[in-house]
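Reviewing the structure listed below.
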Amino acid sequence: TNSVPLSVGDPMVCILGSGDFSRSLSSRLRCCGCRVVVGSRDPQRLPPGLFPEGVELKTQRGALEGKGSLVFLALYPEHYPSLLTLRPLLSGRILVDVSNASSLKQEGLSNAQRLAQMFPCSSVVKGFNGLSAWTLLTGAYDHSRQVSNELSVLALAQRLGFGAVDVGGLSASRALEEAPLLLFPSWRGPLLTTMLLFSFFYLYIALKNVLMPFLDRAENNLHHLPLITVNQALPAVALVMLSLVYMPGLLASVLQLYRGTKYKRFPDWLDQWMCARKQLGLLSFLCAALHAVYSVCLSIRRASGYMILNAAYQQVKAGVVDSWVETQVWRSDLYLSSGILGLGVLCVLALTSLPSVGQALNWREFTFVQSGLGYTSLVLSVAHVLFFGWDFAFLPRAYQYYLPPVFLLSLVLPCCVLIGRFLLLLPCCSVPLNRIRRGWESKQNKPERERQENGAVFGDV
Ligand SMILES: NC(=O)C1=CN([C@@H]2O[C@H](COP(=O)(O)OP(=O)(O)OC[C@H]3O[C@@H](n4cnc5c(N)ncnc54)[C@H](OP(=O)(O)O)[C@@H]3O)[C@@H](O)[C@H]2O)C=CC1
Ligand SMILES: [Cu+2]
């Protein structure tokens, strides 16, 4: 690590503990021109060269005897009580608690709150705990959220190149301590939904296409299981998920219409569902993309080679010269094209859900993309299924190979959503809904508001 020469005016930072976090933090601090003193229970024990050049190694007491108001506690919270003997030296200083929770939903006070109780004469700041030792060492930039409005710690984090955010008092420390333990919290519900839907469709199709033909006619379709069945379940999941993205918005509109106001909270389940739309949409995109890749691979399967050869042989034996069927040609071209277009539009949607892309759009552009393009892709996907199934659904023989129930399920929801959306666009719904959304329903402030927003009404509706 290249160290910056010491100068007297540099801020002095003390770190208690000599573990991984302490080492990484001291390197980073040195690189950014801070003076660092590390306090260890036993500085003699530490091998030379463990800490970067310029970092002073002392006993805990020795480190605290120097100046510097900032003290980082790079210890596990179990060991905080061992610092109680240093209480006089720590009083009046800022203690930065970098610890994380050991498990979720612990009872009682958070680590930082307990520390504050132990050292009532020091001010405790929670922060830096979301950064890994690796981030600190490699110079990667990340956000360090912290609580307690202690400007010197904010300034220090900024000096280290982190975007620091002040999130309030120590009572907010629990959420910060638990944050590194969470495993994709916002993805749990959507992932579970995807998995349940996939299992349902997969099992149903396997039952219908593999097990039933076997029991009925001793037909061996077991080879469908790894690819064909998966590829039939995936589009159904993708369509249902895409409908689930747009359904809560419709329900919310209906609820607002029914209540006649937007100033009432939605029920919790609807709130949570609304918040999961992005994840549901991305998972729908994943299923659709997988379906596309699977479908492209259908023709390179061994089985399809054999099937073409067998069909060709049958055809030669039967003396058929030309087996071109015009309707089948149209059918396949139409369903392929609408499917590809639908996936393309979904791609754009997925891209705009990336925070960096989404932030570059203004609100109107964002809703145009998310709502306008979203419904377009829903229409295209529905067209894809309809074109695909136009003969299957109505011919009794094919009934055994494709499944009207799955076919229907993956169509009923999207069609309901599309019809609902269409109904809400009718003036009898859209006009009152717009009034509600603009907050015009309350009598007292009506004239004032109307004057203010008149200009925008026609452009926006
Ligand atoms: N490592 C990481 O990536 C991150 C760590 N953190 C937090 O930083 C804190 C320290 O983590 P880390 O550096 O990885 O841990 P380490 O185990 O590497 O270091 C802990 C240090 O605590 C001191 N210590 C050990 N046992 C005792 C004891 N019985 N009594 C007093 N002091 C003791 C030791 O220092 P000495 O022997 O010199 O006294 C030791 O070096 C933890 O609270 C952790 O949650 C937060 C974010 C990321
Ligand atoms: Cu398809």
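Here the Cβ of each residue, glycine as well, is placed from N, Cα and C on the backbone.
Note that TrEMBL annotation is computational and uncurated.
In TrEMBL this protein carries:
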DOMAIN    13-100  domain 'Pyrroline-5-carboxylate reductase catalytic N-terminal'
TRANSMEM  191-214  transmembrane segment
TRANSMEM  234-258  transmembrane segment
DOMAIN    236-370  domain 'Ferric oxidoreductase'
TRANSMEM  279-301  transmembrane segment
TRANSMEM  334-354  transmembrane segment
TRANSMEM  366-387  transmembrane segment
TRANSMEM  407-433  transmembrane segment
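In this chain, the transmembrane segment (279-301) lies apart from the transmembrane segment (407-433): fewer than three C-beta pairs between them fall below 8 angstroms, excluding pairs fewer than 6 positions apart. Confidence across the domain 'Ferric oxidoreductase' (236-370), taken as the mean pLDDT and rounded to a whole number, stands at 90. Helix, strand and coil counts from DSSP across the domain 'Ferric oxidoreductase' (236-370) read 111 helix, 0 strand, 24 coil. Across the domain 'Pyrroline-5-carboxylate reductase catalytic N-terminal' (13-100), the DSSP tally of helix, strand and coil residues reads 35 helix, 22 strand, 31 coil.
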